[in-house]
Amino acid sequence: MSKIVRRTFTAGAAASVLSLGLPAAAQQQTVKIGVIYPLSGNAASAGTHAKIAAELGADLINNGNPELAKLLPLAKGGGLPGLKGAKIELVIADNQGTPAAGQNQTLRLITQEKVAAVMGSYQSGITQTASAVAEKYGIPFLTPESTAADLTERGFKWFFRTTPIATNFAKAYSDFLKEQKAAGQKTDKIAIVYENTEYGKSTFTAIADLFAKEGHTVGLQVPYSANSTDVQPQVLQLKEKNPDVVIFISYTSDAILYAKTMKELNWKPAILMADDAGFNDAAFVKAMGSQVEGLISRSAFAPGKPGSIAAICDELYKKKSGGDGLDDGSARGLQGFLVLADAINRAGSTDPAKIREALVATDMGPEQMVAGYNGVKFDSKGQNTLGSSLIIQMRNGQYVPVWPKAKATAELILPYKGWPQ
Amino acid sequence: MGMTLVQVVVSGLLLGAVYSLFSSGLTLIWGMMNVVNFAHGDFVMLGMYTAVVVWTALGGGPWASVPVAAILIATLGIVSYFLLVRHIMRGPMLAQILGTFGLALFLRYGALWIFGANFKTLPDDLVGHSFIVGGIRFEGARVLAGLVGLAVTLLLHFILTRTSVGSRMLAVSEDAVAAQLMGIRPQRMQALAWGLAGAATGIAGALIATFFYTSPTVGETLSIVAFVTVALGGFGSVLGALVAGLLIGVIESLSAFLIGPVYKDVIVYTVFVLVLWFRPQGLMGKA
């Protein structure tokens, strides 16, 4: 066979592979990205939604979407242009909701699956152990959603975080409450109820520290062990002390129990706030949304106008998940994945050191965001400095942005209503 | 403070009644055949999903879902006995543990596959609203679960101690060969024990679903308490599980309220260890 004929043949084969989206031929390079989330255990619903977000991201890059391609260059399809059209292959792992499994599975992804980078792992306590393995092996680890402040304080070189963190939220809550106080709401007695793993403890500390500086009094703090079988004593404690504001820091199963038990024992504060997590999980919203009218939470995601990146991704996500739209967790997951993919693309290589350099050099503007961040740019600790969050409120079973005013689509309504009377 | 404390105790008693209800099937299997069923929590989980499916597909409340769950889980118990338990009972203790543990994982991940990871809840007015007696709130769904739990436990106790079927089951558990010589078919009795335990477990699941969330891993969350309840009450003693369940419920509630929710497990397990220290057979178990 002459050289020319052979070249035409390979080019033709490659073209047909690209256009049909068939599994890549053996000689075509793929980039393996490890995706580790809780797919079993009590956070499985949140983990599954995050996993679907990563799958949607890979799908956008490998197969493209014409509408989105106008806004997001990477969504043209045909793989990563920086790596000659290499497709992304996700290697999914289950952290089983325990720090030990998170550690073992990350080790497996790195040493056996030989992934170029890892993303995950939802629960801050698990991200902590999982990312320590990546650090040891010199593999970039990006967390799109774990918010415990300490994670970026460990002096790690290979750890990156796109989500804003607890101290940012604490500031938003404090400003929000100050504004409500100025408007005549009672905010004198504040209670914080938090689960006592890494996420809950560090978020509580961040909020309590900032509140003390800014003149809010946290009169009652209730730590509890996650995955409770019963939360009646906690709610009775709240009922007894009757604070004006309660802030919950909880995962999904406990969030459902708190919402149910508050109704059972017929108690509600004037302002009920939740720090995202369980209270934003699609499963919570579906199960309890109608029983927590007026609940305030935070979110990095607002669907936005039709035709925006967020709105298009929301539609695509609905198709992939079989109904659930993007929410705060999945939007941040997708955002994190796209940042990682963009860095690998710019690195033009699967070499971890080059990917790390590209991550360090990341500079994305607000126009490229799925989540409502002002962009992505990492500081020397690997923390995104452009993350931002809005305050959302539950209305008729759905969250809508209510604060700050510039991003609000609905008026804030207080006091908290809860269940239909 | 006084009134709230009474409310805490009442909540603890109702919680404890549910723990007893949850545990009665487990203790029955142990008492009858000396097998610890590690899949017990997952049997309850399937009872809970039965209630969810009966509600979403047919709009039926607990009056419909309790009998359906009782029959379904009883069948599951009997099938598990013939396909799995009967065989592993001939093996060493380790085989029994791993066998029922494997069954637990099979059921759990089967549920994850079929129902998905999402949490499901039933509407909380399915049983009736909460009511107030003397300033204390009672939640309809919990009261119903507590009362039925009490009734089921007492009924099981009655069957075991006062009926001829019960005597035959106890005979098989004491000495299967001797029982066989007396004309009792051990396998039939053991299958019956699994069926009875399954029915009690199904009822427990369908009732717990009315006020708890349902998810594939919920059995895991609840079953740690079930094992403590059974061990504290005395393995094999149905009445012991009842007393132990109530005790644990009240200790949990009081310590969570007075000392703090993170310490409640420490206190429950301290009591547990102390009781076993002085009475290794449990509160009402035979020495």
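Cβ coordinates are placed from backbone N, Cα and C, and glycine is handled just like the others.
Some features that TrEMBL has for this protein:
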- B:6-31: transmembrane segment (TRANSMEM)
- B:38-58: transmembrane segment (TRANSMEM)
- B:64-85: transmembrane segment (TRANSMEM)
- B:97-116: transmembrane segment (TRANSMEM)
- B:140-160: transmembrane segment (TRANSMEM)
- B:191-212: transmembrane segment (TRANSMEM)
- B:224-250: transmembrane segment (TRANSMEM)
- B:262-279: transmembrane segment (TRANSMEM)
Tally Cβ pairs under 8 Å between the transmembrane segment (B:38-58) and each listed stretch (B:6-31, B:64-85, B:97-116, B:191-212, B:224-250), then give the stretch with the top tally. B:191-212
The answer for the transmembrane segment (B:191-212), taking Cβ pairs under 8 Å and residues 6+ beyond its ends, is 18, 21-22, 24-26, 28-29, 32-33, 37, 40, 43-52, 54, 62, 65-66, 68-78, 80-82, 85, 122, 124, 126-127, 139, 141-142, 144-145, 148-149, 152, 156, 159, 165, 169, 218, 222
Which residues of the chain, 6 or more past the ends of the transmembrane segment (B:97-116), have a CB below 8 A from one of its CBs? 35-39, 41-43, 45-46, 49, 80, 84-85, 87-88, 91, 216-217, 219-220
